[in-house]
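A short write-up of the structure that comes next.
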Protein chains: 2
Amino acid sequence: MNQMTRIDPALETRMANAIRALAMDAVEAAKSGHPGAPMGMADVATVLFNRFMRVDPTDHQWPDRDRFVMSAGHGSMLVYAINHLLGYDDMDMDQLRNFRQMGARTAGHPEYGHAKGIETTTGPLGQGITTAVGMALAERMANARWGDDLADHWTYVIAGDGCLMEGISHEAIDLAGHLKLGRLVLFWDDNGITIDGGTDLSTSTDQKARFAAAGWHVQAVDGHDRDAVAAAIEAARADDRPSMIACKTVIGFGAPNKQGSHDVHGAPLGAEEIAAARKALNWPYDPFTLPEDVMTAWGAIAQRGAQARADWTTRLEGSAHRAAFLEAQNRPDAGALRNAIAAHCARIASERPSVATRKASEMALEVVNATLPNTVGGSADLTGSNNTRSKGQQSVTPGDYTGSYIHYGIREHAMAAVMNGIALHGGFVPYGGTFLAFADYSRGAIRLGALMGVPVIHVMTHDSIGLGEDGPTHQPVEHLAALRAIPNLMVFRPADAVETAEAWEIALTAPTTPSVLCLSRQNLPTVRIEDDAENRSRRGAYVLRSTPVERDVTLIASGSEVEIALAAADLLRADRINAAVVSAPCFELFATQDRTYRQGVLCDAPRIGVEAAIRQGWDQFLRPDDGFVGMTGFGASAPAPQLYAHFGITAEKVAELAKSLIEGGK
Amino acid sequence: MNQMTRIDPALETRMANAIRALAMDAVEAAKSGHPGAPMGMADVATVLFNRFMRVDPTDHQWPDRDRFVMSAGHGSMLVYAINHLLGYDDMDMDQLRNFRQMGARTAGHPEYGHAKGIETTTGPLGQGITTAVGMALAERMANARWGDDLADHWTYVIAGDGCLMEGISHEAIDLAGHLKLGRLVLFWDDNGITIDGGTDLSTSTDQKARFAAAGWHVQAVDGHDRDAVAAAIEAARADDRPSMIACKTVIGFGAPNKQGSHDVHGAPLGAEEIAAARKALNWPYDPFTLPEDVMTAWGAIAQRGAQARADWTTRLEGSAHRAAFLEAQNRPDAGALRNAIAAHCARIASERPSVATRKASEMALEVVNATLPNTVGGSADLTGSNNTRSKGQQSVTPGDYTGSYIHYGIREHAMAAVMNGIALHGGFVPYGGTFLAFADYSRGAIRLGALMGVPVIHVMTHDSIGLGEDGPTHQPVEHLAALRAIPNLMVFRPADAVETAEAWEIALTAPTTPSVLCLSRQNLPTVRIEDDAENRSRRGAYVLRSTPVERDVTLIASGSEVEIALAAADLLRADRINAAVVSAPCFELFATQDRTYRQGVLCDAPRIGVEAAIRQGWDQFLRPDDGFVGMTGFGASAPAPQLYAHFGITAEKVAELAKSLIEGGK
């Protein structure tokens with residue numbers, strides 16, 4: 001055994017039964033929940049924690065702790081039971097008694113941030129596996145930088161059949177196998193049961209062969225034979241590939257009449273079956289009551305973890321990497337970044353390049369990556385199109401994790417979830433690129449990052465019909481609205497190279513909010529030509545061009561359409577109409593400004609929104625009688641300038657509409 | 001050989017080179033596009049069409065034609081070149097000359113409906129494979145109903161490395177292997193190249209082992225050895241499993257200096273390289289010019305297809321299944337459905353059950369499935385929660401396709417894409433269920449269905465915080481807005497069992513618009529208690545409760561919040577305030593009503609929107625000073641009634657807000 005040499009089998013059985021009892025009692029009390037998975041996987045989890053896991057409940061953020069991810073998040077009671085047994089101070093028995101109740105830390109699915117020892121939010125199936133891949137990758141990247149003394153831990157995942165059926169699991173498994181993430185161990189809860197019935201209703205895949213095909217080390221064990229499970233974990237740790245251990249289990253193990261059937265998957269057992277289970281498990285204690293020997297045994301795990309953490313702290317104090325390591329645990333240095341970005345913006349304002357904002361993003365990244373040591377870039381196989389790689393960024397390759405650029409492959413969903421995992425692990429600030437239209441593929445993970453408050457940065461180029469010939473499948477029209485709809489997500493659509501750099505700065509320093517940077521394929525002029533030191537994008541929207549006298553109309557635009565709004569203002573000026581132009585790079589930030597500021601930006605004159613996308617989401621700017629120039633349906637395949645003309649997103653149309661609104665208002 | 005006994009190798013080489021020449025010339029003319037895949041797969045495609053495919057360009061909708069899906073949609077010129085060579089009358093040489101130009105049928109990616117012979121829209125990777133699974137399944141289901149005489153065709157797919165890296169491919173492959181879809185043959189364009197460089201940058205998967213693990217028949221050939229390709233297709237057809245043929249190819253085959261590198265993937269070759277390729281391929285013809293012998297040879301394929309179609313027509317005329325078969329090709333009989341739904345609604349209005357709309361949906365399905373013979377239901381492993389199965393619906397099982405209920409497994413994305421494929425194939429009307437929150441997983445395919453105009457029905461239950469304890473990962477708050485943002489998609493959120501049945505009727509009879517039915521987990525009272533024969537949901541929104549005198553306020557709600565709006569109106573009446581209640585089950589349909597109708601519904605009095613979701617998307621109903629009672633962020637885990645109280649979505653809050661708006665307006 002790796003961590004302990006002598007195991008008392010009878011005691012370890014009782015340790016596992018404690019999980020089972022707490023799970024069935026809590027689900028019963030809640031009158032809802034999933035007892036099947038915690039009861040089925042109690043033996044595996046007990047072996048894992050009792051013989052291997054290193055966590056310290058008194059310092060749940062200890063960077064070198066092992067990570068445990070319950071990808072089958074509906075089995076949340078497994079996590080809560082274990083965390084109670086380990087003695088986390090925020091997981092007392094009342095939390096378990098109030099499973100799934102208002103205000104309890106014990107939500108229906110494990111929610112990151114609700115309680116210590118929950119490494120990530122799970123529930124939407126497949127997310128946990130993929131987030132864990134990010135954690136296991138971050139561990140190796142940390143190890144490559146700071147050595148075994150500081151980064152030498154494991155990531156363990158429990159996944160069910162559902163996790164393995166979801167498409168994202170394929171992306172995760174492929175990527176982990178390719179990158180040889182040997183510190184990742186996945187337990188497949190092979191219980192043969194899904195909600196609709198037996199897994200044979202919908203799958204015939206040989207999961208072991210599937211994982212082997214992706215380059216994994218694969219074993220199969222009886223998930224109730226604890227020594228076999230332990231031996232498999234030993235073998236998994238000895239292999240340099242990621243490991244999958246197929247654990248044949250009985251769902252709801254211990255409930256004598258219901259175990260092994262889908263009745264036990266997602267419903268309380270009922271008083272009668274619980275009584276029968278208590279008898280079958282030889283567990284004579286009252287609900288939510290634990291015997292002393294079991295508490296002591298679980299407490300020993302925590303003590304072992306505390307000792308490991310103390311040893312690690314000693315190593316850290318003596319380490320040459322101490323300062324760099326500690327710096328990497330925090331969010332980026334906002335002061336240093338401000339200075340670098342301000343100097344960059346001043347240069348842009350002076351040189352006034354005409355570049356696509358995806359190119360401007362690359363220019364900003366040269367500054368960012370030179371300033372911040374722990375950014376980690378990447379792309380879903382669109383590096384040259386997303387412009388996500390700065391000079392000198394080396395690729396992370398199988399077995400060599402010193403680089404800071406990840407080839408995520410054509411796996412948008414995994415990229416987003418892996419970035420969540422890297423950020424949750426700590427030590428790195430991840431960003432990754434794809435086309436904006438493919439936010440549809442990664443949306444599940446983007447949302448989960450927003451829900452958890454994990455500040456990853458999604459770089460999404462080719463952000464409108466402006467991408468041209470690739471046509472409507474690739475042209476976002478509703479994606480801005482759909483992303484703006486997600487709570488706690490900042491969606492940036494910068495107008496030029498200055499705003500692009502500003503967006504990077506805001507995104508990198510946001511403590512608990514992920515960001516999406518929507519960037520153009522096509523060239524755009526520099527519109528922020530005054531040399532001002534202020535990050536004006538922080539306001540979300542601001543007056544880019546004011547009027548000498550009271551304005552007649554306000555033109556509000558984002559991204560590539562700011563140029564059009566400015567040209568429309570020029571046209572209107574020729575007709576002695578005073579049009580102010582507002583640039584709106586981030587709706588979410590504008591919504592947080594006070595009423596006075598917002599009114600000062602928007603004023604009372606007629607307003608026109610200009611964005612090569614649908615109107616939905618513009619209601620904070622536009623009143624019913626205001627105008628909008630944008631899209632009402634899908635795009636088309638043609639060169640970009642022709643598309644803008646075809647869909648009527650032009651300075652002339654904006655000017656025309658402005659005149660008719662002013663006329664109508666008189 | 002299956003279709004032809006004698007092949008002239010030299011001529012077949014020229015047939016393949018015709019594809020190559022057209023691809024490189026069209027991309028060059030467009031100054032953008034992807035020559036690599038069409039040139040690399042020209043041999044495989046030529047063998048497939050020359051020796052196997054049965055299509056009739058004079059009747060592109062012939063139901064028993066073989067289907068060809070270019071899942072690697074960026075290689076669209078392969079499709080356009082072939083369709084030109086086959087003589088489709090809408091694909092003349094000018095279309096190829098205008099590749100990727102405004103108004104041409106030859107869009108950057110193949111767009112369903114833009115030209116004959118394009119079976120589905122592809123471009124977002126992995127969609128083509130999965131849609132093809134739906135087609136292959138529909139073929140077997142048709143065969144099970146109407147026999148070999150009428151349904152006896154094949155579905156062929158070309159997929160690239162990108163398609164196989166996407167998660168959705170896993171879902172597709174698993175499902176196809178499980179269901180033993182032996183009529184599906186997938187060619188993997190194994191060229192070792194992606195946009196970022198060699199595939200070894202990001203994947204190490206043994207694709208052949210992976211497909212074998214999922215129950216596929218697997219072969220590997222040199223993709224430029226045409227006889228080997230033909231033999232592999234023969235063997236694939238002889239096996240009763242779906243087949244994957246790994247075709248080792250050289251990307252951009254024929255371009256002597258660029259082939260085999262990622263330079264040839266997605267950019268024009270340039271005049272010099274094209275000249276060199278013409279020489280290397282011994283293709284001395286001018287751009288967009290084809291020699292007679294090649295045209296004749298491709299024309300023979302079309303003639304063979306026309307003969308096959310004629311033979312089939314003869315069989316159809318003599319078939320006992322003729323009437324049923326022809327009926328199945330059309331959209332459902334609107335008249336019969338109207339009568340059945342009207343009778344059902346009258347019954348509901350009289351019995352006034354208090355049921356969840358997911359249960360109401362099951363009740364409606366009992367009527368629908370009894371009335372329409374060709375509906376095909378299913379669920380992503382949530383049958384009992386989605387209530388998608390009506391009495392007597394038998395499961396489709398591996399090898400037995402007589403059933404009408406599909407266990408899609410925990411594969412939301414595949415379910416949506418497979419439904420697109422079933423609908424595109426024809427003969428069936430597919431619907432499938434999952435939780436609304438998981439629309440995030442299936443969004444890529446939902447959007448593609450909307451873009452294509454394929455009228456599938458997505459049943460999405462557990463549509464708000466009303467699902468309760470499962471918590472924020474499972475509680476939609478932004479999903480309604482995000483789905484309403486997709487063009488050409490109807491999002492229904494019915495308030496009771498009557499509106500639920502009406503939504504089904506509208507969705508089933510929509511010719512070119514997919515629908516999402518958002519349904520409650522929790523019970524709701526019947527609110528449409530008058531026995532009216534009109535489908536009022538067709539208006540999108542309507543006055544559910546009017547006021548005896550001029551209204552003081554209008555309460556607009558959808559789904560489960562209509563009950564709250566009605567209760568608020570009762571509270572207000574006690575204070576002598578006249579509140580009209582508008583039920584708004586479908587925003588998209590309301591937007592298509594004329595201004596007079598809409599104004600008549602909404603009136604000038606203050607308005608309050610009530611929906612347990614974010615406000616975004618409500619701007620067609622609400623003016624800046626109007627009110628909204630709903631969500632502003634993520635939900636929480638607790639019993640539903642507590643959540644409604646916690647988030648302030650109650651009749652009391654609505655009534656309070658109404659009073660303050662009326663007061664403020666005075």
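Placement of Cβ uses the backbone N, Cα and C atoms for every residue, glycine included.
Bear in mind that TrEMBL entries carry predicted annotations, made automatically and left uncurated.
As recorded in TrEMBL, the features of this protein are as follows:
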- A:H34, A:H265, A:R358, A:S385, A:H462, A:D470, A:H474, A:R521: substrate binding site (BINDING)
- A:H34: site 'Important for catalytic activity' (SITE)
- A:H74, A:G123, A:P124, A:L125, A:G162, A:N191, A:H265, A:F438: thiamine diphosphate binding site (BINDING)
- A:D161, A:N191, A:I193: Mg(2+) binding site (BINDING)
- A:H265: site 'Important for catalytic activity' (SITE)
- A:355-526: domain 'Transketolase-like pyrimidine-binding' (DOMAIN)
- A:376-396: region 'Disordered' (REGION)
- A:E412: active site, proton donor (ACT_SITE)
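For the recorded positions A:H34, A:G123, A:H265, A:E412, A:F438, a Cα-Cα cutoff of 10 angstroms around A:I193 (Mg(2+) binding site) retains A:H265. Summary of the Mg(2+) site environment: with the site residues A:D161, A:N191, A:I193 set aside, the chain residues having Cβ atoms within 8 Å of the Cβ mean position are A:G160, A:D189, A:D190, A:G192, A:T194, A:T199, A:I251, A:H265. Helix, strand and coil content of the region 'Disordered' (A:376-396), in residues and according to DSSP, is 4 helix, 5 strand, 12 coil. Comparing A:R521 (substrate binding site) with A:N191 (thiamine diphosphate binding site), their Cα atoms are 48 Å apart once rounded.
Listed in sequence order, A:G73, A:H74, A:G108, A:H109, A:P110 are the same-chain residues six or more apart from A:G123 (thiamine diphosphate binding site) with CB atoms under 8 A from its CB. When the C-beta distance to chain B is held to under 8 angstroms, the binding-site residues A:L125, A:D161, A:H265, A:F438 reduce to A:L125, A:D161, A:F438, listed in sequence order. For the binding-site residues A:D161, A:S385, A:H474, a Cα-Cα cutoff of 10 angstroms around A:N191 (thiamine diphosphate binding site) retains A:D161.
For the pair A:H462 (substrate binding site) and A:F438 (thiamine diphosphate binding site), the Cα-Cα distance reads 10 Å.
The Cβ neighbour count for A:H474 (substrate binding site), using a 10 Å radius and every protein chain shown, is 24. A Cα-Cα distance of 9 Å separates A:L125 (thiamine diphosphate binding site) from A:D161 (Mg(2+) binding site). Long-range C-beta contacts of A:P124 (thiamine diphosphate binding site), restricted to its own chain and to partners at least six residues apart, with a cutoff below 8 Å, comprise A:G73, A:G444, A:L448.
Between the CA atoms of A:E412 (active site, proton donor) and A:D161 (Mg(2+) binding site) there is a gap of 22 Å, rounded to the nearest whole number.
Around the Cβ of A:H34 (substrate binding site), a 10 Å sphere holds 28 further Cβ atoms from the protein chains shown. Across the fold, the C-alpha of A:S385 (substrate binding site) and the C-alpha of A:D161 (Mg(2+) binding site) stand 36 Å from each other. In the three-state DSSP scheme, A:R521 (substrate binding site) falls into the coil class. Listed binding-site residues: A:N191, A:S385; maximum Cβ neighbour count within 10 Å falls on A:N191. It is A:E412 that, of the recorded positions A:D161, A:E412, A:D470, has its Cβ surrounded by the most other Cβ atoms within 10 Å. The number of other CB atoms found within 10 A of the CB of A:H462 (substrate binding site), across every protein chain shown, is 27.
DSSP assigns A:H74 (thiamine diphosphate binding site) to a helix.
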